[in-house]
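Engineer: The structure's right below; bear with me while I get my questions together.
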Amino acid sequence: MVFRKLPGVSASGMGLRLSQKFVFLLFLSGLVTLCFGALFFLPDTMRLKRIFLSKNENPAVTVGSDNVLSKKVRKPSVTHGARTVERSVGSRAQDEWSPAKAHEPCLLKPPLGKNKGTPSDSETLQRREKVKEMMKFAWDNYKRYAWGKNELRPLTKNGHIGNMFGGLRGASIVDSLDTLYIMGLMEEYEEAKEWIQDNLDLNSNGEASLFEVNIRYVGGLLSAYYLTGAEIFKQKVLELGEKLLPAFNTPTGIPRGVINLGSGTSWSWGWASAGSSILAEFGTLHLEFVHLSELSRNPLFTEKVMNIRKLLNKIEKPHGLYPNFLSPVSGNWVQHHVSIGGLGDSFYEYLIKSYLMSDKTDEEAQKMYYSAMEAIEANLVQKSPGGLTYVAEWRGGILDHKMGHLACFSGGMIGIGADDGPAGQKQHYLDLAAEITHTCHESYSPTKLGPEAFRFDAGAEATATRLSDRYYILRPEVIESYMYMWRLTHDPKYREWGWEAVEALEKHCRVEAGFSGIRDVYASTVSHDNMQQSFFLSETLK
């Protein structure tokens, strides 16, 4: 080999220099190989992938099957099965993604639609304004006597804290945010927002119901954020969402029902059979947790709820039914008690709403919902001797011919799901929804308010036969079904039934300092329970 001689460098010096360069390049090559090779052994994080993968390559985070997010707007990538929602649009960098931009279709829009939703006829307008007055009355008394507490005791004119929220305060404030905003009670909304900014302390250290904190606090803050775009709601809800994650630290990933928000320790309810988790509790997280992932760009929230679906799809279901008790340790059903009312109700509601919220792309939720409905119709839906359609409870193959007030949401649920079921079944589902809603209306007698549970045996027709079932605690489910059925059919009877309920609330539940539940819907002399539930403001009046 002949080397060209460089000026001022001897042949032997050149050879030494090249030898040094070769060793250096060899060392550098090995170092680079080692560094990039090590990436395959690092945690599979999105941050590393954003650094080392091209912008056109969208890595998937596999958390289950089917995409639960809408295709209409661009969102952070969360892949369910084969579907991926892109992280970026064109060449826009991931870090430019903004939840406010991504949710422009539902942010900062007049919540009441054209002309603030003002009805064209005077009677409907007057009724609407009456409900708004009821909301302001309930809110003003809560503010006067219970501000910062969780709920108002209107008879004794003081606040109630309770033990469901783990030391969190202001449940009525958080729960009412969207109702205040939708009704245009802007001064009251601003008061609520200011309290949340200055006083909502999430550093509590008590036992909290995962379910109740999720639906009232997480749901309330998410709704307020999407309606208003106010960053304080996003900030608080993401902080709270992180505190709920330790509840999922079980052998199966099925969360336990109770969590200490300070320590992260979780356990099952003492009354739950064999330390089980409750279907309506772990099944009522999906909507909120998917949005926590969207807002935080952290797929972990979605992974947690998709894992619940994965397990539910894997285990055998008796006659296609979902029992109410599941072991978070073994992943097996603990007892075969099935109900579309308490302990089971909102699991089914969240399936159909997850499908609808995803712009009808969440085919897994669709399949689970309609399969469950088929099993419920085959095993639980009954007709009373008097011709009333109801949904019984199922205990190991034996029917219990009762229906709870909580189950009366199902009329509206079945109605909103009528469009997307098996071919040719739309009218069938609308008819079933109307029949169940009619039955629940029949239970609202003679006070036009309904009992906690009513029966269809021993000659009873939608009647509470036990003293312990006769109370009414300002629940929304029957009125909710009226509202959905009005929207779906525009049959004026549903508005009239709703107005009957308004008049009954005014007559029997309104007291000097708010609204109270009543102990016996059949009694001629009303006895109040001294509790203005937060869901009365957030759901019933809405």
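Cβ atoms are placed via backbone N, Cα and C, with glycine included.
TrEMBL lists these features:
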TRANSMEM  22-42  transmembrane segment
REGION    75-127  region 'Disordered'
ACT_SITE  E212  active site, proton donor
ACT_SITE  D345  active site
DISULFID  C408-C440  disulfide bond
ACT_SITE  E452  active site, proton donor
ACT_SITE  E477  active site
Engineer: Mind telling me which of the active-site residues E452, E477 has the densest Cβ neighbourhood, counting other Cβ atoms within 10 Å?
Structural biologist: E477
Engineer: Sequence gap of 6 or more, Cβ distance under 8 Å: name the residues on the same chain that satisfy this around D345 (active site), in order along the sequence.
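Structural biologist: Once residues fewer than 6 apart are set aside, D345 (active site) is near A280, S339, L406, A407, F409, S410.
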Engineer: Which of the recorded positions C408, C440, E452, E477 has its Cα closest in space to the Cα of E212 (active site, proton donor)?
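Structural biologist: Comparing Cα positions, the closest of these recorded positions turns out to be E477.
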Engineer: Hey, which of the disulfide-bonded residues C408, C440 is the loneliest by Cβ count within 10 Å?
Structural biologist: C440
Engineer: In whole Å, note down how far the CA of C440 (disulfide bond) lies from the CA of E477 (active site).
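Structural biologist: That separation, Cα to Cα, works out to 9 Å.
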Engineer: Between the Cα atoms of E452 (active site, proton donor) and C408 (disulfide bond), find the distance and write it as a whole number of Å.
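Structural biologist: Computed Cα spacing between E452 (active site, proton donor) and C408 (disulfide bond) is 10 Å.
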Engineer: Count the Cβ atoms, other than its own, that fall within 10 Å of the Cβ of E212 (active site, proton donor), considering every protein chain shown.
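Structural biologist: So the Cβ neighbour count for E212 (active site, proton donor) comes to 19.
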